[in-house]
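Reading through the structure tokens given below for one structure.
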Amino acid sequence: MKFAIVANTERKEAVLLAKELTGWLDSKRVSYVLESLSAEKLGIGPSAKIDDLNRICDIFISLGGDGTLLLASHYSETKPVLGINVGHLGFLTEFNKDEMIGAVEKVLDGSYSIHNRTQLEATTMCNGREQRMCALNDVVIEKGTYPRIPTFVIRLDGELLGSYRADGIIIATSTGSTAYSMSAGGPIIAPKSSVFVITPICPHMLTVRPIVISDDKVIEVSVDAQAGEFPLNCDGRITRMLQPQETVTVKKSNDLINLVANEERDYCEILRTKLLWGREHASSQPE
């Protein structure tokens, strides 16, 4: 088995963990390859470009936050991703730094399980050709630098859902419901729910609300504006700039993201801790 290691080298703790992990793997004579930028900053090898890791490795290890895991999952395709959280509590990264070695040992002896997560697939036409992009968390169309409030036209399975004057539209998976969508007022959805949520960003009308739909729906979004370019983001990566009236088609991808599961992880506890639910009540309890 060969591991691909992707680390957020902007975080000192991730750097220390990467050195600890590679030292441990060396001591066990386990093969690994670091993503080239991580390897350069760490001064550790062997390394390869991130888009080559899927071809030469069996499983990815992400050292960082949810953003680092999203990056790793984008290149892992269907290969498992083991997420080690550094810093703030993550919704996607399943293990903390103290659990890292134990988690890797479980992978090596085959005693691990997988959480399958649904992805979005966004399709546009570019120079007469289809361009397809995938996202684990969300697909976002934003107003960008357009000086006015554009109108976003949304259709479900070809039927008009509505026209929203807003700063943007977020289409999120249940996994991504705790990311940008939540910040924009969208609901929190349990990770394995077979739904998507469409969340407007700063809508101009108070009656406009997020809507939860079945994940078998095909969503079409276009921007009704006279001019301008509108960023299309997949998991925070700007994939291209959309022209007025251009349509983006979003649906469930056929490919799943496979995350190495932490069976001791309590999702409800994560919500309470991350979102400070019940903190006032907890702090009032006698010691």
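Here the Cβ of each residue, glycine as well, is placed from N, Cα and C on the backbone.
In the record from Swiss-Prot, residues D66, G67, N137, D138, R165, D167, T178, A179, Y180, S181, M182, S183 bind NAD(+); the candidate from R148, R155 listed for the same site is R148.
It is 10 Å from the Cα atom of N137 (NAD(+) binding site) to that of D66 (active site, proton acceptor). Counted over all residue pairs in D66, G67, N137, D138, R148, R165, D167, T178, A179, Y180, S181, M182, S183, the record's binders of NAD(+), the longest Cα to Cα distance measures 33 angstrom.
For the recorded positions D66, D167, counting C-beta atoms within 10 A of each C-beta gives the highest total at D66.
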